[in-house]
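Inspection log for the structure reproduced underneath, given as structure tokens.
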Amino acid sequence: MFTVTKFDKGGKVTSFEKKKTDLYQELGLQARDLRFQHLMSITTRNNRIIMRMEYLKAVITPECLLILDYRNLNLEQWLFRELPSQLAGEGQLVTYPLPFEFRAIEALLQYRINTLQGKLSILQPLILETLEALVDPKHSSIDRSKLHILLQNGKSLSELETDIKIFKESILEILDEEELLEELCLTKWSDPQVFEKSSAGIDHAEEMELLLENYYRLAEDLSNAARELRALIDDSQSIIFINLDSHRNVMMRLNLQLTMGTFSLSLFGLMGVAFGMNLESSLEEDHRVFWLITGIMFMGSGLIWRRLLSFLGRQLEAPLPPLMASLPKKTLQADRRTEVKHSFRPDGLESSRSVLTNR
């Protein structure tokens, strides 16, 4: 069974249930036409327009709009509050003077664009707030909870970019085929007399193309906004990685300094080890020798440590040797020789003279 909601030209709404086979026969469609396998699709069959936009499944005829099996609360509110007035001409649809299928297509495309815009308007402040908290210089450490939130928002942004891309590709596929644009004008094929009276010199295929191009541009604007958010996330990740590298370098330098200090102290600590052994000499009787050896140990360790630190600083601040400095010059000379050789070709004397004059 299909739960069908029918909207006529005057905005009247009726809901009923019908078997799938009866609905196929009534609309003159096949079972494969109403499977709605794609997330976004606009196709024509037997002077009917079949549209799928995520939760929205619709069939447009020259007389009415059929919505099939909706299971979304936001979609239900839009169907019964806004769509009837739009189809009846009380809304802000620019295609109201045109046949009914133009109003139905515009209303559905407008709903899809508003849905994508709503998702972007929810994600954008969340992502900007999280990025501002992560790259704030006042915080020396990175909050892992913020990174988790950024990861979730990044996934939602990727899904939104995919939805926008599918929307654009579906419309662009129709714009590239003139036959599809002609088939979308249902009144032109179903009732030629009404078409001739309503057209008044208007090319309906051209109007349909302008309508689809308008919503393609709106989707392109959404895609650019999502792309800018993605670029901000990538730049912020680069800043975070740079900060982490800086902290890691500080820790490595501190570890190296402590290692050098331990090495210096151990080197001059051998003197104390030697005098601390159970060896008899005449120096044990003099109390000043202890303080002398201890002072030599600490002074020697401090001097060695300072020398190692200065050596480390010179190595870190030393510029890299210009290994490739001569390469551009040689390449430039080779290019000049090649140009001079080409200038002496017997193709034309005037071109050779102009090249040599410029040189």
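From the backbone N, Cα and C atoms, a Cβ is placed for every residue, glycine too.
Unlike curated entries, TrEMBL annotations are predicted automatically.
Positions annotated as coiled coil by TrEMBL: 205-232. Residues of the same chain lying 6 or more positions beyond the ends of the coiled coil (205-232) and with a Cβ under 8 Å from any Cβ of it are 95, 98, 102, 105-106, 109-110, 113, 116-117, 120, 123-124, 127-128, 131, 157, 160-161, 164-165, 167-168, 171-172, 174-175, 178, 181-182, 184-185.
Taken from TrEMBL, the feature compositional bias 'Basic and acidic residues' applies to 334-350.
For 334-359, the entry in TrEMBL reads region 'Disordered'.
Summarising the annotation, TrEMBL assigns transmembrane segment to 258-277 (among others).
The transmembrane segment annotation in TrEMBL covers 289-305 (among others).
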Whole-number mean of pLDDT values that fall within the coiled coil (205-232): 92
